[in-house]
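Visitor: Pasting a structure below so you can have a look.
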Amino acid sequence: MPNTNLLLTFNTGSSTLKIGLFQFDADGARRIGKGLVDFSRRPLTFHLIEGPTAFDIRLDAEAGEDLRAVIAELFEVLAAHFDMAAVRVIGHRVVHGGDRFAGPVVLNDANIDELDKLVALAPLHQPQALRVIRAMKHLRPALAQTASFDTAFHATQSDLIRRFALPRALHDRGIKRYGFHGLSYAFIARQLRNLAPEVAAGKVIVAHLGNGASLCALDGGESRDCSMGFSTLDGIPMATRCGTIDPGVLLYLLGASGRTLRNLEEMLYYRSGLLGVSGISGDMRDLLRDERNEAAEAVELFSLRIAGEIGRMTATLGGLDGLVFTAGIGEHQPEIRAAICSRLRWLGVNLDADENSSNAPIISALGSKTRAFVIPTDEEQIIADEAVSLLSGE
Ligand SMILES: Nc1ncnc2c1ncn2[C@@H]1O[C@H](COP(=O)(O)OP(=O)(O)O)[C@@H](O)[C@H]1O
Ligand SMILES: CC(=O)OP(=O)(O)O
Ligand SMILES: [Mg+2]
């Protein structure tokens, strides 16, 4: 096998672990493979892509409390395809960096402890990422590990935008908006600079529409606003998460109707959003195929709330030059882009139907005042680039 430096990225989502394999040198990191384990499906299977070839490898390990057995088995499987002795660094996606981390870091015991303190703020994501970090540390104690944060990209937001209209003392204690999906937004800002530099220099809203979904307002490529705030529940409706909700509903459910905190949390994170409204599925592909009214209503509510949030963010920016769609739904579902944009004609968004239906990079019609784009995202590329910069001491 060739003598090169390898880098692995771990993107720990709420129920999946995405692995990126990169070759790197002083010039940067280049992807050579990717893998996915979906912890919501049994038996556990490692879906691995090496160049043009895909493999589905059944795993023997159980996803136990510490994930050590799963990570060890993934390394064994990867060793059959890649030179794992050449791995120099593991880069992790960590969703919440709080106020403490405004950029990527090399992980050590002290900052792993700091990340532990943020678990309550991102209960779906943070504990799982920490399990993977600790499992790696156990398995390869000498290997460097880095963390790249979803929240860090939003450090350019103003104090005003981050503020809730609550007593000041709470803000000072960290009860404020942080913003998420920052690795995706960093990647999109970079790609847009190559695709349409004149738009990237202006006012742009990016719609990251995956299982988790949010919108980000960019001015000159810097974050000014994000629909996700304090937690990954806020903003637009998602596959199974509720998005913005009247806090009076939560008080009512906890008070008069006597739900427990656990039960409420489980409902807001796992049984709401597209799944909750449709009663059918949280997967947009299922809803677009289904002919029942409830499916159509979930899709319509999703589009309506997104268009409304784009209106609000246009006020933050004071105008809109570009709109970018990304992630699973944003990249692959023209029907949803069309439904959102049909509510944004007043903002000067005018789609080209043919370009939109073929998921082309530029989907706005010639002469559209606001230009619209489809740009595939790659959070792992940002994690890899940040790990290489940290390693080379930049
Ligand atoms: N070709 C496609 N591949 C993957 N997801 C797709 C595709 N087309 C539509 N989707 C939708 O994208 C959503 C998942 O988005 P994704 O970005 O993969 O999620 P996440 O990374 O947050 O788990 C689902 O609602 C799914 O229906
Ligand atoms: C922040 C967040 O919601 O992430 P994901 O989309 O991976 O669930
Ligand atoms: Mg995601």
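Placement of Cβ uses the backbone N, Cα and C atoms for every residue, glycine included.
Keep in mind that TrEMBL annotations are predicted by a computer and have not been checked by a curator.
Marked as active site, proton donor/acceptor by TrEMBL: Asp150. For Asn11, Glu379, the entry in TrEMBL reads Mg(2+) binding site. For Lys18, His208, Leu209, Gly210, Asn211, Gly212, Asp283, Met284, Arg285, Gly328, Ile329, Gly330, Glu331, His332, the entry in TrEMBL reads ATP binding site. Residues annotated as substrate binding site in TrEMBL: Arg93. According to TrEMBL, the site 'Transition state stabilizer' annotation covers His181, Arg241.
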Visitor: Please determine which of the recorded positions listed here (Lys18, Arg93, Arg241) has the lowest count of neighbouring CB atoms within 10 Å.
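Guide: Among the recorded positions Lys18, Arg93, Arg241, the sparsest Cβ neighbourhood within 10 Å belongs to Lys18.
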Visitor: Can you list which of these recorded positions (Asn11, Arg93, Asp150, Leu209, Asn211, Arg285) have a Cβ closer than 6 Å to ligand 1?
Guide: Asn211, Arg285
Visitor: If the ATP binders are Lys18, His208, Leu209, Gly210, Asn211, Gly212, Asp283, Met284, Arg285, Gly328, Ile329, Gly330, Glu331, His332 per the record, what's the largest distance between their Cα atoms, in Å?
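Guide: It comes out at 21 Å between the most distant Cα atoms.
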Visitor: Considering Cα atoms only, can you say which of Asn11, Arg93, Asp150, His181, Arg241 is the nearest neighbour of Lys18 (ATP binding site) among these recorded positions?
Guide: Asn11
Visitor: Give me the long-range Cβ neighbours of Asn11 (Mg(2+) binding site): same chain, 6+ apart, Cβ under 8 Å, in sequence order.
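Guide: Residues satisfying the criterion: Leu17, Lys18, Ile19, Gly20, Arg93, Glu379, Glu380, Ile383.
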Visitor: Counting only residues 6+ away in sequence within the same chain, which have a CB under 8 Å from the CB of Asn211 (ATP binding site)?
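Guide: Sequence-distant Cβ neighbours: Gly13, Ser14, Met238, Ala239, Thr240, Gly282, Gly328.
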Visitor: On a C-alpha basis, identify the one among Asp150, His181, Arg241 that is nearest to Leu209 (ATP binding site); the candidates are the recorded positions.
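Guide: Considering only the listed recorded positions, the nearest one is His181.
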